[in-house]
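Q: According to TrEMBL:
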type     : residues  : note
TRANSMEM : B:12-33   : transmembrane segment
TRANSMEM : B:97-122  : transmembrane segment
DOMAIN   : B:98-302  : domain 'ABC transmembrane type-1'
TRANSMEM : B:134-162 : transmembrane segment
TRANSMEM : B:182-202 : transmembrane segment
TRANSMEM : B:241-263 : transmembrane segment
TRANSMEM : B:283-309 : transmembrane segment
Amino acid sequence: MNPDLPMITIRNLKLDARTEHGPAHILRGIDLEFGRGRIVGVVGESGSGKSTLVSCLLRLLPSNIERLEGEILFDGIDLLKLSPSDMNDWRGRKIAMVFQDPMTALNPLFTINTHLRDVLKRRFPQISAREARERSLAMLTKVGISDASVRLDAYPHQLSGGMRQRIVIAMALLVEPDLLLADEPTTALDATVEAQIVDLFDQLRQDFSGSIVFISHHLGLVAELCDDLCVMYGGTIVETGPVAEVLARPRHPYTRALLDCEIEDDHGGRLATIPGEVPSATWAMDACIFASRCAHVADICRRGPTVLETVAIGHKAACKRSREVLP
Amino acid sequence: MRETLRYVASRLATTFLIVLGAMILLFALSALVPGDPATALLGPAATPEYVQRFIQEMGLDQPWYRRLFSFMGNVFVGNLGTDVLSGQPVTRIIANVLPYTFILTFSSIGLAVAFGVPLGCYAATHRGSLLDHLLAFVSVAFIAIPSFVIAIFLLLIFAIWLDWLPVMGAGEAGNWFDQAQRLILPTIALSVGWIGFIARLVRSSMLETMGENFIRLSRAYGLSNRLITYKYALKNACIPTLAVLGMGVGRLLGGAVLVEIVFSRPGLGRLMFDAISTRNFPVLQGTVLVVVLIFVLTNLLVDLSYAAIDPRIRRQGSR
């Protein structure tokens with residue numbers, strides 16, 4: 001393992017799903033890399049492919065996948081080339097996941113202890129039931145659950161949504177993964193609980209040595225928590241770079257528009273919207289993916305697809321007119 | 001624990017009410033049957049004096065509420081009346097055949113579960129495999145073929161052509177081996193349809209559970225397929241299957257009559273059938289009541305096992 005190499009390198013990841021109207025290009029060639037100990041925020045509208053990207057990292061994909069190409073290098077090993085059983089070995093050991101909806105993420109017929117113990121036993125086969133319980137208790141306390149010993153013997157329906165999400169996060173941390181995937185972990189929660197969970201992630205990064213991929217459609221939240229930002233649109237990455245840099249100087253009109261949607265403007269306090277619709281997933285992409293909605297679209301944008309280009313150190317954007325319109 | 005006790009108590013109370021309701025309904029039916037029960041039972045040849053004496057003996061001249069109370073009172077002390085043909089107490093007649101019905105019903109359900117559940121699990125986890133397709137075809141066939149037809153085929157093949165098993169009757173009293181041998185074919189005849197039914201049911205509820213988020217979570221943590229299927233998913237898939245099993249017991253209790261006739265076994269179904277054809281009303285009433293009682297108790301058991309499986313149900317019961 002070379003510490004200078006990025007932990008995760010995704011190269012030209014393409015994924016097509018089978019539909020009635022022909023193949024849908026869910027991921028249209030994703031290039032992304034990040035190092036150890038980073039929190040990478042992935043933002044984009046629904047359908048931009050951010051959840052699918054995470055599913056690819058776990059290789060837990062629906063059955064209607066027609067084509068999956070490219071490379072996902074994890075410490076130099078291509079996850080897409082692993083046999084199914086080798087891949088399964090990575091899950092719950094090197095990679096852990098927090099799902100979007102905590103209300104359905106836990107099996108209603110089993111206690112919290114059973115959930116955590118089985119996951120721990122899979123990760124550390126030598127562990128005794130007693131030690132598993134002790135570690136679970138310590139972890140529940142750490143993720144901010146009071147009365148941990150009572151909660152450990154509770155069933156999911158006896159706990160609130162926020163508490164269930166803390167338990168799912170505790171589960172993820174118990175397996176001590178190198179990579180933690182969080183797929184919109186706060187979207188299904190109340191605003192106040194959402195803030196608590198974000199705070200929790202912020203605290204946890206102190207002693208968590210792995211990297212986190214944090215999916216959200218909320219730019220402000222990502223700004224608060226993440227080191228790197230990756231903006232997805234229509235199955236492509238349109239802009240990526242260090243959070244502070246990207247948010248201070250967005251170089252793609254879509255990122256700019258997203259920012260405008262988050263910030264109230266001076267006239268009457270109404271939120272801005274982006275007119276138009278995301279192009280269909282079956283579209284062959286013979287132009288810039290954002291051309292149909294871009295305020296700065298020109299002829300050059302319609303001549304072939306746009307690729308990510310470095311605009312500053314570690315900062316890339318996929319816009320041919322970036323220098324003209326967003327200097 | 002208190003939640004559980006309260007749930008059990010409330011279910012017991014409901015069970016008692018259902019049995020009470022069944023008794024009233026049965027009584028009402030006997031009162032509503034057209035014609036005079038005495039003449040119907042004794043036949044047109046009976047002399048008027050004899051009919052008159054019979055009416056007095058049976059208490060048929062009493063007002064209806066008095067008859068209802070004496071009927072219910074008798075039932076509670078275990079007296080289901082007297083068989084008008086043989087003069088024997090109905091309770092004893094039923095007690096004589098009940099063990100045969102019990103054994104046949106529960107061995108059939110047991111066999112159906114023992115084969116249906118693993119087959120359903122296999123089909124759900126190997127969707128589209130040869131066995132899955134085969135199961136879909138064969139189970140539909142077995143559900144559609146009436147059990148007495150299967151019984152006749154089994155009789156032909158194993159008892160007559162191959163001469164492997166003795167079949168007619170329930171076997172010598174006290175001879176366990178003989179009785180067990182004679183139980184095999186009727187059990188198979190009754191359970192094949194249920195095997196198919198349970199396998200289909202387990203398959204579909206298993207597939208539904210497999211699509212749940214919590215199963216995806218288990219997969220994301222690399223838990224073994226065996227653990228996911230047989231621990232996490234099967235427990236969820238159990239619940240609809242249990243409901244059907246409760247119904248199945250009820251059906252088999254009184255509905256095994258045709259198989260009982262083919263193998264000339266004694267049983268509740270057979271008793272009921274004979275009672276109807278001879279208009280033997282006390283026996284019919286008693287048998288139906290016993291079937292209702294067993295059915296209700298089985299469903300109580302099913303409800304309680306739900307609560308044991310699903311903690312959310314325990315909570316609902318206490319509300």
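Backbone N, Cα and C atoms are what each Cβ position is placed from, and that goes for glycine too.
Those TrEMBL annotations? Automatic predictions, nothing curated.
Map these features onto the structure and tell me what's around them.
A: For the transmembrane segment (B:12-33), same-chain residues at least 6 beyond its ends with a Cβ under 8 Å from one of its own Cβ atoms are 40, 64, 67-68, 71-72, 75, 281, 285, 288-289, 292-293, 296-297, 299-300.
For the transmembrane segment (B:134-162), the list of distant contacts is 119, 123, 185-186, 188-190, 192-193, 195-197, 199-200, 203, 256, 258-259, 261-263: same-chain residues at least six beyond its ends, Cβ to Cβ under 8 Å.
Tertiary neighbourhood of the transmembrane segment (B:182-202): same-chain residues 103-104, 107-109, 111-113, 115-117, 119-121, 123-124, 135-136, 138-143, 145, 147-148, 150-151, 154-155, 158-159, 165-171, 237, 240-241, 244-245, 248, 252, 256, 259-260, 262-263, 265, selected by CB-CB distance under 8 Å and a gap of 6+ residues from either end.
Taking Cβ pairs closer than 8 Å, the transmembrane segment (B:241-263) reaches residues 101, 104-106, 108-109, 112-113, 117, 146-148, 151-152, 155, 167-169, 182, 185-186, 189-190, 194, 197-198, 201-202, 205, 269-270, 272-273, 287-288, 291, 294-295, 298-299, 301-302, 305-306, 309 in its own chain, all 6 or more past its ends.
Same-chain neighbours of the transmembrane segment (B:283-309): 4, 7-8, 11-12, 15, 18-19, 22-23, 26, 30, 75, 80-81, 83, 90-91, 93-94, 98, 235, 238-239, 242-243, 245-246, 249-250, 253-254, 268, 271-272, 274-276, 317, counting only residues six or more beyond its ends whose CB sits under 8 Å from a CB of the stretch.
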Q: Could you give the residue numbers and ranges of same-chain residues that sit at least 6 residues beyond the transmembrane segment (B:97-122) on either side and whose C-beta is under 8 angstroms from one of its C-beta atoms?
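A: Sequence-distant neighbours of the transmembrane segment (B:97-122): 131-132, 135, 170, 183, 186-188, 190-191, 194-203, 206, 229-230, 234, 237, 241, 245, 248-249, 252-253, 256, 259-260, 265-271, 290.
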